[in-house]
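In what follows, a structure is listed as structure tokens, so that the remarks can point back to it.
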Amino acid sequence: MDITEKLRLITRNAEEVVTEEELRQLIETKEKPRAYVGYEPSGEIHLGHMMTVQKLMDLQEAGFEIIVLLADIHAYLNEKGTFEEIAEVADYNKKVFIALGLDESRAKFVLGSEYQLSRDYVLDVLKMARITTLNRARRSMDEVSRRKEDPMVSQMIYPLMQALDIAHLGVDLAVGGIDQRKIHMLARENLPRLGYSSPVCLHTPILVGLDGQKMSSSKGNYISVRDPPEEVERKIRKAYCPAGVVEENPILDIAKYHILPRFGKIVVERDAKFGGDVEYASFEELAEDFKSGQLHPLDLKIAVAKYLNMLLEDARKRLGVSV
């Protein structure tokens, strides 16, 4: 795979790369660059998590070494449970990411507690605290914090640690949703002041919830890896998908970010009287037909549910989920 093809694959469906020139230089000069994503262990792995898992798979194909940080201490600071509860969920998350297709032989899974309690790391947290204003730390955390009003001091430490993870894990590329941008910019600006390199950052879009609103576990507006096929079909049928509307359309987003990258195409099956089957090899073609009214929302939903269940089938089997 040449440099141009690697760049195309790495940046496919990315919201932003900071910066593309630095990314090109990285893959031109380093044989096996390292990339990472950090995840707070979560009881439900859903299509939102799969956005970055898919990007890690793209990076593996492009020759990157992958580190998956299961951020147990971050989860504790963000009030996600006791250490014992978080450890159990972290083990489950590792199994899910592998079941979804991440190549275990080319990925290293690390618990934050394996290194974040070391003397050197804690000292770096204190150094980072000395050069970061309270307002900057709070702004960096606002997008990902569980407690928006009256935040705890622990939540101010969180972004400092996340920035330092990049240095202490020795990675070249930090990957995350666009909601991580402020933390990554903090890392780019302040890590060099502590003697570390500034990372390249790649941000994926935030997948809209099935109701067209922000995806949230409390709202239940997501599809979980553990959802059985009939539940996936039910959720897709009920999902927000207004005719002709392309922007913030969750069904089109699923096709764009999950189905087309995995299958390379999507075939919408229709009766001959409705135009017959139609195959789309690009999102642009799919979006154009949907916007013009040539593709009906129900036909799109049926196709998306079918492909999504195909995508999740292997993961369910590997996890031992009965369907």
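Cβ atoms are placed via backbone N, Cα and C, with glycine included.
According to Swiss-Prot, the feature L-tyrosine binding site maps to Y36, Y158, Q162, D165, Q180. The motif ''HIGH' region' annotation in Swiss-Prot covers 41-49. Per Swiss-Prot, the feature motif ''KMSKS' region' maps to 214-218. Look at Swiss-Prot and you will find S217 tagged as ATP binding site.
Here the features listed in Swiss-Prot are painted onto the structure.
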| residue | record | Cβ contacts under 8 Å, 6 or more apart |
| --- | --- | --- |
| Y36 | L-tyrosine binding site | I66, I67, V68, L69, D165, I166, L169, V171, L173, A174, V175 |
| Q162 | L-tyrosine binding site | G38, A71, H74, Q180, I183, A187 |
| S217 | ATP binding site | S42, E44 |
- prompt: Other than its own, how many Cβ atoms are within 10 Å of the Cβ belonging to Y158 (L-tyrosine binding site)?
  reply: 24
- request: Give the maximum pairwise CA distance in Å, whole number, for the residues Y36, Y158, Q162, D165, Q180 listed as binding L-tyrosine.
  value: 17
- request: Would you mind checking how many other C-beta atoms are within 10 angstroms of the C-beta on Q180 (L-tyrosine binding site)?
  value: 23
Message: Let me check the 10 A CB neighbour count of D165 (L-tyrosine binding site). How many other CB atoms are there?
response: 24
- prompt: Which residue counts does DSSP yield for the motif ''KMSKS' region' (214-218) in the helix, strand and coil classes, in that order?
  reply: 0 helix, 1 strand, 4 coil
